[in-house]
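Notes for the one structure printed next.
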Amino acid sequence: MRTPLIAGNWKLFKTLADATALIDELVPLVSDVKDVEIVVAPVFTAINTVAKAAGKTGVKVAAQDCYWEDEGAFTGEVSPKLLKDAGCSHVIIGHSERRQYFGETDGTVNLKTKAAIRAGLTVLLCVGESLAQRESNDTFKVIETQVRGGLADIPAAELTQIVVAYEPVWAIGTGKTASDAQAQEVHAFIRTLVAQIYGPSEADAMRILYGGSVKPENIKGLMSQPDIDGALVGGASLKAESFAGIVRFKG
C-alpha cells in the first residue's frame, strides 16, 4: 500500500516571518490527518525555522533544489548534506522552473538525485512535458527521456528514497489542470516504465505525484485514480486553509 504524499512548494514566496506564520497556521489544521505524508518546501533561508516550528508534528520539510557536491569551492550552492543538517527530510529536484530558467538537464538532475540519496534525503523527482511537446504528441517520449535520465545508474535498493512528481508544464500556474484521465494515463506510463527498468515490485512500490494547478476542488478526482499517489502543490500551498483542504482529500 503506497502512503499518499502531499507536498507544498512555496517557491520564491514568504519571508521568514511569513513562513513561520504559515507553518504555525497549517499545523493545527492537519495535525489529526493520518496516513498522509505532509511536506512543505520553503525558501532556503526559512528551512531551519520552518523545520523547528514543524517539530514533531509530522509535517516534514523539503528544499526546492540542491547541488551535487557535499562541500567545496562552489559559491552560492547548497549541498544535500547541509539541507539535512538544517532540518530537511526531502528535496525537490528537476522542477520544470529549474529546467526552464536555470539550465537544469537530465544529467544534473541525476547528479543531484544521487547526492541527495547519499545524504539520506527523499527526492521528489520532477518530470513533465511542455504544451508544444504535448500538442506534437511527444509527451511519452519526453517523460521517458526524463525518467530514464533522472534514474540513470541508481540501484533498485535506493528507489525507496525517490518519489516521482509528474508536472505537465502547461498546467503549472496557468489554472489549467490535466484531466483526471490525462494525469492517470501519464502516471500509468511512468509506473510501466519503472517496471521495465527495475521490475514490477519496485514500480508498484513507487509513489507518483501529480503537480499542476492542484486545488482543494480537484484533488479528490485526481486521488481517485489508481496510479496517482499524491500531489506537488504550488499556489494553493501558500495559504494554510487551501493546502489543508488538499491534505484532507479523504474528507
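Just so it is clear, glycine is given a Cβ too, placed from its N, Cα and C backbone atoms.
Of the residues S31, S136, S201, S213, Swiss-Prot places S213 in the same substrate site as N9, W10, K11, G173, G234, G235. Non-local contacts of W10 (substrate binding site) by the CB criterion (under 8 A, 6+ apart in sequence, same chain) comprise A19, L22, V40, A41, P42, V43, Q64, S237, L238. Considering only the binding-site residues G173, G235, the Cβ with the fewest other Cβ atoms within 10 Å is that of G173. For the recorded positions E167, G173, S213, G235, a Cα-Cα cutoff of 10 angstroms around H95 (active site, electrophile) retains E167.
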